[in-house]
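Per Swiss-Prot, ATP binding site is recorded for Gly134, Glu135, Ser136, Gly137, Ala138, Gly139, Lys140, Thr141. The compositional bias 'Polar residues' annotation in Swiss-Prot covers 954-966, 1171-1190. Residues or ranges marked as compositional bias 'Low complexity' by Swiss-Prot: 987-998, 1008-1052. The compositional bias 'Pro residues' annotation in Swiss-Prot covers 1053-1062, 1125-1140. Sequence annotations record features per position, and here Swiss-Prot assigns domain 'Myosin motor' to 41-715. Taken from Swiss-Prot, the feature domain 'IQ 1' applies to 719-739. Taken from Swiss-Prot, the feature domain 'IQ 2' covers 740-765. Under the heading domain 'TH1', Swiss-Prot lists 773-962. Annotated region 'Disordered' per Swiss-Prot: 1-35, 947-1064, 1115-1212, in sequence order. Here Swiss-Prot flags 405-487 as region 'Actin-binding'.
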Amino acid sequence: MGITRRGKDKAAAGQAVAGGASGGRARPKKATFETSKKKDVGVSDLTLLSKVSNEAINENLQKRFEGREIYTYIGHVLVSVNPFRDLGIYTDQVLDSYKGKNRLEMPPHVFAIAESAYYNMKAYKDNQCVIISGESGAGKTEAAKRIMQYIASVSGGDSTDIQQIKDMVLATNPLLESFGNAKTLRNNNSSRFGKYLQIHFNSVGEPVGADITNYLLEKSRVVGQITNERNFHIFYQFTKGASEHYRQMFGIQKPETYIYTSRSKCLDVDGIDDLAEFQDTLNAMKVIGLSQEEQDSVFRILAAILWTGNLVFREDDEGYAAVTDQSVVEFLAYLLEVDPQQLIKAITIRILTPRSGEVIESPANVAQAMATRDALAKSLYNNLFDWIVERINQSLKARQPTSNSVGILDIYGFEIFEKNSFEQLCINYVNEKLQQIFIQLTLKAEQDEYAREQIKWTPIKYFDNKIVCDLIESVRPPGVFSALKDATKTAHADPAACDRTFMQSVNGMSNAHLIPRQGSFIIKHYAGDVAYTVDGITDKNKDQLLKGLLGMFQVSQNPFLHTLFPNQVDQDNRKQPPTAGDRIRTSANALVETLMKCQPSYIRTIKPNENKSPTEYNVPNVLHQIKYLGLQENVRIRRAGFAYRQSFEKFVDRFFLLSPATSYAGEYTWQGSYEAAVKQILKDTSIPQEEWQMGVTKAFIKSPETLFALEHMRDRYWHNMATRIQRMWRAYLAYRAESATRIQTFWRKKRTGAEYLQLRDHGHRVLQGRKERRRMSILGSRRFIGDYLGINASSGPGAHIRNAIGIGSNEKTVFSCRGEILEAKFGRSSKASPRILIVTNSKFYVVAQMLVNGQVQITAEKAIPLGAIKFIGASSSRDDWFSLGVGSPQEADPLLNCVLKTEMFTQMERVMPGGFNLKIGDSIEYAKKPGKMQVVKVLKDSPNPVDFYKSGAVHTQQGEPPNSVSRPTPKGKPVPPRPITRGKLIRPGGPNGRPARGTTNRTPQPRPGGASASAVASRPVPQAQPQAQAQVAASIPVRTQQQSQTSSASVRAPPPPPPAAPPAKAKIMAKVLYDFAGQKENEMSIKEGDLIEIVQKENNGWWLAKSGNQQAWVPAAYVEEQKQAPPPVAASRPPPPAPPAANGKNKPLPPAKRPAAGKKPASLQPRDSGMSLNGSDGSRSNTPTPSLGNSLADALLARKQAMAKKDDDDDW
């Protein structure tokens, strides 16, 4: 198997290292501690064993088997030990974990082999094959199924054809298992045939077809099995699960009725449900596409085979074979659709054609007749099996052009029994051919890699088994197969004479790997010496039906038999047909030719015990398998040069932590080439020069111990970092919890009421721009909540109303609120009375609340089915009145008033999808009396903002335009950002406790009382007006030289002058977003695009604005505040005068004179609002105190700038 290659990551390629020799390639990712790493059991790759021997391999496999690790690598070869239990390692989660992963990234697994094969096929357009070998019961079939499962899962494709191909490929497993598998002493589900499944893919890696080639079906099992073994599964499935139709048509009875299924005294198997598996077989036939007629034909042949076994013969008076039960002959003839006399003649009469050309009919004895009977059954089953495989191939034929393929070979492993015959010779011959492929591809690839990488190495000596393959298959000089054919040709009429002739040919062969013995011969295979018995071997090689049976098939009335046996019998043709040896040689060479065109992967399966126990590990038996599978040779070949080799990039990615020159705090810091980085790592880890070599693209490590040392140092690196990682992890948990809380808070604010907002927007479409709107109806904060009274609640006032009026549990309230109904008064004008309006999914309720005997009584005054409402009448004005046009002959239509009318209409449209009819006109129509329509006028003459009904008319005011839509949702009150300080990942004041980056250029103003003279002198002082400066200086007393000497040796600098007055407060300007017409005297009319000044802001949605000489209120949602320009920086003041010299040369100024009585001192400049003559401690310190607004804004700005920058990693 070739090395799994991975294409360069395009995303990572963009982050290439600039300037280094490795520029253009992705740098290694930051290293992370493998917290979920599972402790290794033994070694996962046998090439890493310190001592290579069969016993050491066996011990390592035993450790891993007992630790529930059944897979082990030998380089790229996978060794699999059958666990005889479900380890839970084939789930979808495990399968997904291997997708897109390199073999070295994950533990050994059959999915890794499948991923490697599929990836190389797709990425590099190489045909792939997976060769699975091992003895019966070692898990070959299971491994093949898992590879098919993985490829079907990862190969993609959503089209119907591709999914159908996948289903059919998976359906081949139960179908071929039922016809090709059987219970043996060593395996309850042993494959008694070999198969090579090729899955064909298109150019994008989607399966578009498949084909199957079968090898070496053990057809002798049809007619006989040893005790406690079974025939093929299908016979027991069919006899136990056949339908009544089949039982009547084909005479199917229980398996104990038939000799072929009951002779071995084993009808049932633990863990196998024949009835359930028969249904799986039938389902697989349907998936693959077998018609009912084809299925009937298949089961007819199976029934014929079963009844063939019940033909029993006895000797007649002349010693020839005679049938015991004629009824069996007649029923078998019925199944085969031939004449009963012709059938019995074909079995009991042998047709001989000597060299003279004369046709001789020779009666058969009992033994010969039984042999012919069994030959008939074996031929029927063998040809039926071949037809099923061919039929599967027809269904799986590619339906579009193919690009590449992945092949799966599941075939017998070496068989060495006490008595070995022709079957074992064929099986072991095929395994020799596969071993030859393994040697040529694996060892040759190893040698080519050393030459390509220019590595100094010792040439590997190995046994080339080509000499053994030639011994078996050669034509000149003749090999074993040719000798078998020649012996049959020489003495074809006498099997014993054929065997003797063949043995003479074997004795005449000269080959170091062939040892003739008396009645047998030994071939030295690569897996061990095998002694083959000569008795009967030539007869098995002929593998021919008698011409009488072939002639009977040609005259059968069953067309399916003609399909199974298409060849016409030429009685005059005495040319010898191809033998079984010829066919297996041709098939094996074709298989080798196919595999040589592919990139192979190998799976060696091992059976741990003979008892199918999940805990038993039979050391001698496994050791025997290790020897004949050649695992030790595989390890030695892999280790002959170097035990470990890896590309420079991957080596650096794995071990860059071990050198301080290539890493810092888990980050890759090397700026040079990857090759130089490898040398630096090996140098810093003190690996001797003789333990490694540098190739052209790879680094080679000589011994496994060196690799173990590197891995140990890498693991210890993380142990040394454990404390720091734990601390950071706990901090991260606190940080994550705080972040999650903030995200949840934001999400709740964002999502709350979203569906109500959508419903509100739908309300505009319900009105269709035909009705004027109220200003409050189109506010941005308006939501259509629906059930305002809580009628759907389980408790509270709403539940009390629901129970009082009897709303059923199957009714859901979609709208409820308080409104009014127009009640007619006798002799005077109608009057609006309060009511509760409820809309459910089926009815419209008008609920009245009355006080009866001091108790509130709630009754449903009207309960109108929604289907009875013919129309809803409303005016085009902004009023809230509407009518329900019911047209009842007994009651008048209700005329209602509801301030949430638009929402009510919207909810009613939802529950009345087919019958909702909203009539909007200049007036409102309704039946004031049954059958008598009346028109209610709507007049826009009301000085009152509230609508009212009077004298048959509704009086209202002018509303918003009918095409008005809801205003944008007003923005929430801005909240200053607050950094997450939980977990100490971000500390107050900036990351890592340092001052926030946004405040580094801001110089704090020290308090004058605590500053030294030099500090004060060095601080820039804002400039002041000369007059103010002189006035301030005149008011400050100055010490004399004597005073300075008595108090302190240092001279205190005079305090700085006060800062300049703050600039005038900037105007707040806003831009008008929408037109607004003022309805009242204190409301300002504005137009879109105007700029206005905001004088005052209120939290009720209205701002006091000023435009020119007009000052009035405007809606806050209609304007957008403009960002203000930063205030100008005040000009700096001149520095204070220098302190007087201490040497007395400069005469000090005299103290200021006190003001004369009755005179006021000169007035000072007004002080800045930020100055205070009274400090917070009660002193008369003039420390400048910045205003609260400016300091808060500055702090928020600094914090925001600190949060916006990346986290500082110096904490590491």
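Think of each number as a place in line: the chain as shown, counted from 1.
Cβ coordinates come from backbone N, Cα and C, glycine included.
Feature map: Swiss-Prot annotations on the structure.
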residue: Gly134; record: ATP binding site; Cβ neighbours (10 Å): 25
residue: Glu135; record: ATP binding site; Cβ neighbours (10 Å): 22
residue: Ser136; record: ATP binding site; Cβ neighbours (10 Å): 19
residue: Gly137; record: ATP binding site; Cβ neighbours (10 Å): 24
residue: Ala138; record: ATP binding site; Cβ neighbours (10 Å): 25
residue: Gly139; record: ATP binding site; Cβ neighbours (10 Å): 23
residue: Lys140; record: ATP binding site; Cβ neighbours (10 Å): 27
residue: Thr141; record: ATP binding site; Cβ neighbours (10 Å): 23
The average per-residue pLDDT within the domain 'IQ 2' (740-765) comes out at 82
Using an 8 Å cut-off from the Cβ centroid of Gly134, Glu135, Ser136, Gly137, Ala138, Gly139, Lys140, Thr141, can you name the remaining same-chain residues around the ATP site, in sequence order? Asn82, Asn187, Ser190, Ser191, Gly413, Thr605, Lys607
Take the domain 'IQ 2' (740-765) and count its residues per DSSP category (helix H/G/I, strand E/B, coil), listing them in that order. 24 helix, 0 strand, 2 coil
Under a three-state reading of DSSP, tell me whether Thr141 (ATP binding site) is helix, strand or coil. helix
Residue distribution over DSSP helix, strand and coil in the domain 'IQ 1' (719-739): 20 helix, 0 strand, 1 coil
Per DSSP, how many helix, strand and coil residues does the region 'Actin-binding' (405-487) have? 48 helix, 7 strand, 28 coil
